[in-house]
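If you scroll down you'll find the structure; I have some questions about it.
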Amino acid sequence: MASSSSVPASSTPSKKPRDKIADWFRQALLKKPKKMPISQESHLSDGSQTATQDGLSPSSSSSPPSHSSPESRSSPLSCSSGMSPTSPPTHVDSSSSSSGRWSKDYDVCVCHSEEDLEAAQELVSYLEGSQASLRCFLQLRDAAPGGAIVSELCQALSRSHCRVLLITPGFLRDPWCKYQMLQALTEAPASEGCTIPLLSGLTRAAYPPELRFMYYVDGRGKDGGFYQVKEAVIHCKI
């Protein structure tokens with residue numbers, strides 16, 4: 001009987017260390033789930049700190065940059081166009097309108113007979129002395145010495161904007177003057193106003209038939225028709 005009672009007494013102390021170990025494992029297992037969220041939060045906090053150091057945040061990375069908005073795009077385009085409805089029109093220099101005048105050497109070439117040289121010189125003086133300062137070609141004055149008469153005439157006609165034909169009785173009698181008239185018509189047959197007949201000392205019945213398709217300036221006025229000739233030249237090419 002004594003031997004049988006000693007066996008259960010030895011078994012009770014051996015269970016206590018096992019219970020302590022089990023209790024320690026239970027406490028360790030219960031503490032581990034609490035540590036995991038703390039480590040994750042610390043990891044997220046570290047990531048947010050690095051993001052803020054780089055100048056970025058989670059909210060700013062998801063949203064588009066401010067300069068890519070439609071309003072910000074439209075404002076530079078409107079400025080770069082350089083035009084506005086209230087902008088004044090560009091001023092055009094009036095001198096540029098007469099730039100075509102300098103494409104030729106002369107504004108007018110005066111064709112006349114030898115006996116009308118004095119009247120031709122008066123016309124040239126009037127045109128050159130006017131406010132427009134017209135450039136005139138007078139054959140006996142401006143032809144190159146030693147040059148052929150025909151070639152000098154043809155060059156003068158081609159280098160002039162207008163041709164003035166001083167039609168007088170001496171002009172109609174001179175075959176050379178008729179040649180000048182035909183050359184002037186050939187130089188610009190379709191250019192209206194570039195050939196200006198000045199009828200002086202003749203009636204309308206004596207007007208050359210080659211010029212019947214164009215108006216002439218009547219030289220019977222007090223100024224000999226010089227003013228009309230000047231206005232016609234200015235209106236033609238100047």
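Backbone N, Cα and C define each Cβ position, glycine as well.
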Name the cysteine that pairs with Cys162 in a disulphide bond per TrEMBL, restricting the answer to Cys109, Cys111, Cys194.
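Between Cys162 and one of Cys109, Cys111, Cys194, TrEMBL records a disulfide, namely with Cys194.
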Given the model, what does the mean pLDDT over the domain 'TIR' (104-233) come out as?
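A mean pLDDT of 90 is what the predicted model shows over the domain 'TIR' (104-233).
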In sequence order, which residues at least six apart in the same chain have a CB under 8 Å from the CB of Cys109 (disulfide bond)?
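Counting only residues 6 or more apart in sequence, the Cβ neighbours of Cys109 (disulfide bond) under 8 Å are Cys136, Phe137, Ala156, Leu157, Arg159, Ser160, Cys162, Arg163, Val164, Ala184.
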Roughly how many Å separate the Cα of Cys154 (disulfide bond) from that of Cys194 (disulfide bond), to the nearest whole number?
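Their Cα atoms are separated by 15 Å.
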How many other Cβ atoms sit within 10 Å of the Cβ of Cys162 (disulfide bond)?
27
Within 10 Å of its Cβ, which one of these disulfide-bonded residues (Cys154, Cys194) has the largest number of other Cβ atoms?
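Max Cβ neighbours within 10 Å, all protein chains included: Cys194.
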